[in-house]
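Please read the structure below before turning to the comments.
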Amino acid sequence: MALRGFCSADGSDPLWDWNVTWYTSNPDFTKCFQNTVLVWVPCFYLWACFPFYFLYLSRHDRGYIQMTLLNKTKTALGFLLWIVCWADLFYSFWERSRGIFLAPVFLVSPTLLGITMLLATFLIQLERRKGVQSSGIMLTFWLVALLCALAILRSKIMTALKEDVQVDLFRDMTFYVYFSLVLIQLVLSCFSDRSPLFSETIHDPNPCPESSASFLSRITFWWITGLIVRGYRQPLEGSDLWSLNKEDTSEQVVPVLVKNWKKECAKTRKQPVKVVYSSKDPAQPKDSSKVDANEEVEALIVKSPQKEWNPSLFKVLYKTFGPYFLMSFFFKAIHDLMMFSGPEILKLLINFVNDTKAPDWQGYFYTALLFVAACLQTLVLHQYFHICFVSGMRIKTAVIGAVYRKALVITNAARKSSTVGEIVNLMSVDAQRFMDLATYINMIWSAPLQVILALYLLWRNLGPPILAGVAVMVLMVPVNAVMAMKTKTYQVAHMKSKDNRIKLMNEILNGIKVLKLYAWELAFKDKVLAIRQEELKVLKKSAYLAAVGTFTWVCTPFLVALCTFAVYVTIDKNNVLDAQKAFVSLALFNILRFPLNILPMVISSIVQASVSLKRLRIFLSHEELEPDSIERRPVKDGGDTNSITVRNATFTWARSDPPTLNGITFSIPEGALVAVVGQVGCGKSSLLSALLAEMDKVEGHVALKGSVAYVPQQAWIQNDSLQENILFGCQLEEPYYRSVIQACALLPDLEILPSGDRTEIGEKGVNLSGGQKQRVSLARAVYCNADIYLFDDPLSAVDAHVGKHIFENVIGPKGMLKNKTRILVTHSMSYLPQVDVIIVMSGGKISEMGSYQELLARDGAFAEFLRTYASAEQEQDPEDNGVTGVSGPGKEAKQMENGMLVTDSAGKQLQRQLSSSSSYSGDVSRQHNSTAELQKDGAKKEETWKLMEADKAQTGQVKLSVYWDYMKAIGLFISFLSIFLFICNHVAALASNYWLSLWTDDPIVNGTQEHTKVRLSVYGALGISQGIAVFGYSMAVSIGGILASRCLHVDLLHSILRSPMSFFERTPSGNLVNRFSKELDTVDSMIPEVIKMFMGSLFNVIGACIVILLATPIAAIIIPPLGLIYFFVQRFYVASSRQLKRLESVSRSPVYSHFNETLLGVSVIRAFEEQERFIHQSDLKVDENQKAYYPSIVANRWLAVRLECVGNCIVLFAALFAVISRHSLSAGLVGLSVSYSLQVTTYLNWLVRMSSEMETNIVAVERLKEYSETEKEAPWQIQETAPPSNWPQVGRVEFRNYCLRYREDLDFVLRHINVTINGGEKVGIVGRTGAGKSSLTLGLFRINESAEGEIIIDGINIARIGLHDLRFKITIIPQDPVLFSGSLRMNLDPFSQYSDEEVWTSLELAHLKGFVSALPDKLDHECAEGGENLSVGQRQLVCLARALLRKTKILVLDEATAAVDLETDDLIQSTIRTQFEDCTVLTIAHRLNTIMDYTRVIVLDKGEIQEYGAPSDLLQQRGLFYNMARDAGLV
């Protein structure tokens, strides 16, 4: 050899000698090999890594690490190693100078090693300067150097022990020093250095230890052990969780996706970049078909007419996350190659057992090789998984962030096509699909690679017969393809049904109070169940398909093996199936099983993700609002004195619709107060929306000068403290804040709220009255100190005296905003004389414009309307003249001059009380208000008072009762049948493999085996029986899962609908939506699959242990201890894993709640230009959720590494005992034992993963059961006490000593109410805010049950009858008109009790017949979500039509005509008088004018009746009622 002269002077030392290294009982390497290869390998490794590592470090500077003792020691040791290496070199030169001839290797190797040690020392310092705390490159270098040195050390020790060998003392001593220093360097490299200077983790109160963990800690996931130990000792809480790594936060991830999406959109459309997330330009070109886009969202699967216009979201995701994700390719490729080391070593091991002359050390060497290969495979595999899961987490974060940002800027038309339910599904289900895909997508190339490698090795082992197996696999490809296509179809249908169900559930939860008041729960329950039935039909088809899929996937590897063995033994009698061929092939078939099984799952996952990808792309491509359509000028712009200029502008809500506003032209000077008036639906609110750029400008010019504040018609309140709602992101300036509170009449409210302005308002302002919500909304606008104020009827929901106070102190000529430009949409005529300009709207156009006096002098439509209406009212109600004390036209004129129109018609001035407590939800606050007033000493104002309950995480182990509940939901027969079929399957599998081992041990006679046909037939029969059992259990589990899912959903839905209102008032809707979306999806899709995999893994592990014990009984010594370690590690892990899953579920709800809240208030957020703040809040909530998710995925890896090490130990001992017992074992048993042990690692890993998955997913059942077992309201029907069908006939209502409280720990909000209302009487209920007005109504409907006393209606105590029996017989027209998506007819008559004629009659009486008749679909007109395609006034009229249709003896009105114009108001009042003439009418009135002609009035204060009598009598008493009338300007 060429190296002989290089290694020794006489050429006697070869590089390699088989007789020295292999064919010997005492193996060693040659001296030449030791001095060259073992020295050069670490050097070549470091020099090969250096250029790439240097480049990486130069681009990734994490900061500067100060010199530490660790760093100084490593550097010093590096120099010492250099000195030691070159000491050898100088010694060689010294020897040469003495005439001793040395081979060149003694000069080259020390030189190379010395330079390498200098390089290593340089890298140690470079890493320090670049902030690397622990280096994998250097640790690997020292490990390789040590392993190479270890082989040399063994050789030197063995040489030294020989007596007749001469020892080179100096070189031996330097080597021992070198070995010791390398060992110390390796140990030091296992530790991590301190954090770099200026590192962000220094300022983080709870940083993730991963960034400062050592390389060894990172690859073994040791750094999370502390958290797992803490979780084992006590349940983990949110405060225990670490901050996210910076690269995983929304702040880092989302902007990159946003930027790449913009580029892709621009590139695809071949036009300038359209900003998708920053509300600059529309996402689609103006000439694109918006209708097509909407249809696509609805159908989800229709093809785009112009494919070239569709940007590729997949490309964007790949560009954003690809670079990091590509590392997983590297790890996966290494793992796939290493997978085949097991069967190859198994072949060597079987050959070793068969070769009785082979030295024992070879068996131990193979055993060690098998163990090391398995351990390396474990570490590589879980680095791969870690990268995949982190990538998935980042994708989910980015998708949620992108969807949230898009939702802030899409047009109103796009909002209608993408409902809240669909958008929530994009954030929950679809984002989860991307996460799942990240884990599996590499299998697209990895599975075929594994199949090719396995087939290659099988060909080497068995030859051409393997083609029979290939044929079977090829036949299965079209079967899998058909199933994948079918799966996609079912997936699309399933997602559509799920969207519809979530959308409807969202509406039900938002309008639950209305459902309860109308007793409509059953109708809507049936609607949900009908959608759910369709969903379950699709799920059932998917389950059958999955069962067929499982059957083919499990049977395919066996069929491949059977066909291959059958062809092998039949084509040639001399082909003997010995242990090596059978079990190496079987090991390869087992490897083949995974890619063949996983590929259909991957295809399914890709199919699901492609559906989600399309849905997401359609949503992100929606049209956006164009804020640039309105010119925004700074206040300092002195060129124009007008604050608002609109010239010939036309606006529409959707480009496909006709314009809503036509030819609008007006200018408003700075500081002017402008009123906008007109009938319902004439475009008043649309005008404000147009100024806010909420509408699509078709033509014209709009310019605004300065900042804008907006008070919407329906007050939007956040689930936050009252103070935060007012500040709305601004800094607190105490004096100004106090003046705003006072001007908005909130001071009295702060005094009675439990924690003052720190009181948490609750979701949608649940514990504030309508008036309080509107005043908070107003205060928010005032506090922001804008230049232009847009008020959409802000005084509608407040009492007359409060309205007067607000107008005088805030909006009016002398108010806080007197120098600001104000536009006030109003129906109240009383304020018009004080405004500068009045804009009169009619049919989407400005019909008149001018000051109050100018419009009267012009004698146009406006003046005619005022005169006609006033005189008509006077003629209608002459008795009111006596009340007010003045009569005739003179009075009207005088009041007009004074700016107050206070005749009875003025009393019925149109106010919109839309915001007043979402269908009475605000009355909880009235309870708290009066309670606090009665118990002022009880309120602790230091702490924020909270009404809403956060989603709580359960702690501890999931109770067995949860599993039992799930089994009962499946059905006990199906449950036990599934277990039986699982056992049958695995018994058949064990029997077939044992039979194969017996077959391989059959004696060979004349070059062939006897009984081959019998062996083959039995082997085939066992395989077929296994397949039948697989199909059986798969069907049983799938059907059982659907039965359980149906049962749990019905229980949850029924329970939620049966819960009292107090439950909804304290439970955020996000929690409930989460249950019906994510948790139910887990029960639908995840749990059945997890059960199948858990049961399979459990029986596989048991089977493997049985086989190993049968083959090598000595393994009984080691398997129990390993089992204990396994059990301990698993218990250790599950305690933390379970709690992390719960924390993740709990932190997910606020993401949805915040998102829902944002969608409801998106116009306010945009008006105040607070998008960035809300985006930041959303990002923080998503990060908070990922803070719990990230440790859970790392904990999974932590567990898997440790358990696979236990599995690797089983492999080690199975092989070791086989080597020890090789003389007493047959090759067949060794093959069976080791091939099963090779699978144990995978089985153990899957078993623990599936057991933890089972426990973490069963949490979904626990969380569904949690809300299925909440408190319930009284029964809906009680047969024994059901009232007669014609009850109540008279309508007499008696309150006898009636007391009401909202919770046991609170005081009464109604105290000892004793009053009798005779049938047919019209009774008004008045009182200040918090007096208990609405509480009385809630008591009447038994929304809250009485604490003491009773209510008697026509002689029947209402507490003794069913709630529906009561609520069907009483009708309410609520303050807030709530409509549901569906037909108009359904909104009027969900039970279809009435004929079309009766419905049309009710519409006619409600003055809606003309409007509905003009609609294309008439009664089948589809109402949008929340009735958004009807004006607020029209929605209120629909509520009136409901009441007219029901025509019950008792009618409750809560300012029912607040949102209609004066003319319609008059018509409605007369309808109520005529149609409900013989009915008992109770009216809660903020405005006393509406009840002046009533029979009697109840005056409430602090929950007690203070006055009761006819209005005229109460005025004469000059008490509370008189004072209220005086404040309202009635006396």
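Every residue, even glycine, has its Cβ placed from backbone N, Cα and C.
Quick look at what Swiss-Prot annotates:
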type	residues	note
BINDING	GLY678, GLN679, VAL680, GLY681, CYS682, GLY683, LYS684, SER685	ATP 1 binding site
BINDING	GLY1327, ARG1328, THR1329, GLY1330, ALA1331, GLY1332, LYS1333, SER1334	ATP 2 binding site
DOMAIN	975-1256	domain 'ABC transmembrane type-1 2'
CARBOHYD	ASN19	N-linked glycosylation site
CARBOHYD	ASN1006	N-linked glycosylation site
MOD_RES	SER289	phosphoserine
MOD_RES	SER905	phosphoserine
MOD_RES	SER915	phosphoserine
MOD_RES	SER930	phosphoserine
REGION	871-893	region 'Disordered'
REGION	917-938	region 'Disordered'
TOPO_DOM	1-33	topological domain 'Extracellular'
TOPO_DOM	55-74	topological domain 'Cytoplasmic'
TOPO_DOM	96-100	topological domain 'Extracellular'
TOPO_DOM	122-133	topological domain 'Cytoplasmic'
TOPO_DOM	155-172	topological domain 'Extracellular'
TOPO_DOM	194-316	topological domain 'Cytoplasmic'
TOPO_DOM	338-363	topological domain 'Extracellular'
TOPO_DOM	385-440	topological domain 'Cytoplasmic'
TOPO_DOM	486-547	topological domain 'Cytoplasmic'
TOPO_DOM	569-590	topological domain 'Extracellular'
TOPO_DOM	612-967	topological domain 'Cytoplasmic'
TOPO_DOM	989-1025	topological domain 'Extracellular'
TOPO_DOM	1047-1089	topological domain 'Cytoplasmic'
TOPO_DOM	1133-1203	topological domain 'Cytoplasmic'
TOPO_DOM	1248-1531	topological domain 'Cytoplasmic'
TRANSMEM	34-54	transmembrane segment
TRANSMEM	134-154	transmembrane segment
TRANSMEM	317-337	transmembrane segment
TRANSMEM	364-384	transmembrane segment
TRANSMEM	441-461	transmembrane segment
TRANSMEM	465-485	transmembrane segment
TRANSMEM	548-568	transmembrane segment
TRANSMEM	591-611	transmembrane segment
TRANSMEM	968-988	transmembrane segment
TRANSMEM	1026-1046	transmembrane segment
TRANSMEM	1090-1110	transmembrane segment
TRANSMEM	1227-1247	transmembrane segment
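Long-range neighbours of the topological domain 'Extracellular' (96-100) within the same chain, counting only residues 6 or more positions beyond its ends whose Cβ lies under 8 Å from a Cβ of the stretch, are absent. Counted as Cβ pairs under 8 Å, contacts with the transmembrane segment (548-568) are highest for 1026-1046 among 34-54, 134-154, 317-337, 591-611, 1026-1046. Within the same chain, residues 24-25, 27, 369-370, 373-374, 376-377, 380, 450, 453-454, 457, 461, 579-580, 583-584, 587-588, 591, 1215, 1218-1219, 1222-1223, 1225, 1227, 1230-1231, 1234-1235, 1238 sit at least 6 positions outside the topological domain 'Extracellular' (338-363) and bring their C-beta atoms closer than 8 Å to a C-beta of that stretch. Looking only at other Cβ atoms within 10 Å, the busiest spot among the recorded positions ASN19, GLN679, SER685, SER1334 turns out to be SER1334. Note on proximity: of the recorded positions ASN19, VAL680, GLY681, CYS682, GLY683, the one nearest LYS1333 (ATP 2 binding site) is VAL680, by Cα distance.
By the criterion of other Cβ atoms within 10 Å of the residue's own Cβ, the least surrounded of the binding-site residues GLY683, GLY1330 is GLY683. The binding-site residues shown are GLY1327, ARG1328, GLY1330, ALA1331, SER1334; of these, the one with its CA atom nearest the CA of VAL680 (ATP 1 binding site) is SER1334. Its own atom aside, the Cβ of GLY1332 (ATP 2 binding site) has 29 Cβ atoms within 10 angstroms in the protein chains shown.
Spacing of SER685 (ATP 1 binding site) relative to ARG1328 (ATP 2 binding site) is 29 Å (Cα to Cα, whole number). Local packing around the binding-site residues GLY678, GLY681, GLY1327 was summarised as the count of other Cβ atoms within 10 Å of each Cβ; on this measure the leading residue is GLY1327.
Sparsest Cβ environment among the binding-site residues LYS684, ARG1328, LYS1333 (other Cβ atoms counted within 10 Å): ARG1328. In the topological domain 'Cytoplasmic' (122-133), helix, strand and coil residues by DSSP number 8 helix, 0 strand, 4 coil. Through the fold, the topological domain 'Cytoplasmic' (122-133) approaches residues 46, 50, 53-54, 57-58, 60-65, 67, 71, 74-75, 78, 192-196, 199, 211-212, 214 of its own chain, all at least 6 residues removed from its boundaries and within a Cβ separation under 8 Å. Comparing the Cα of GLY1332 (ATP 2 binding site) with the Cα of every entry in GLY681, CYS682, GLY683, these being the binding-site residues, the smallest distance points to GLY681.
Mean per-residue pLDDT, taken over the topological domain 'Extracellular' (989-1025), amounts to 80.
Through the fold, the topological domain 'Extracellular' (989-1025) approaches residues 555, 558-559, 562, 565-566, 569-570, 573-574, 576-579, 581-583, 586, 1103, 1106-1107, 1226-1229, 1231-1232, 1236 of its own chain, all at least 6 residues removed from its boundaries and within a Cβ separation under 8 Å. Sequence-distant contacts of the topological domain 'Extracellular' (569-590), counting only residues of its own chain at least 6 positions beyond either end whose CB sits under 8 Å from a CB of the stretch, comprise 340, 342-344, 346-347, 350-351, 354, 454, 457-458, 461-462, 465, 557-558, 560-561, 993, 996-997, 999-1001, 1004, 1007-1009, 1012, 1016, 1226-1228, 1230-1232, 1234-1235, 1238-1239. According to DSSP, GLY1327 (ATP 2 binding site) is assigned to a strand segment.
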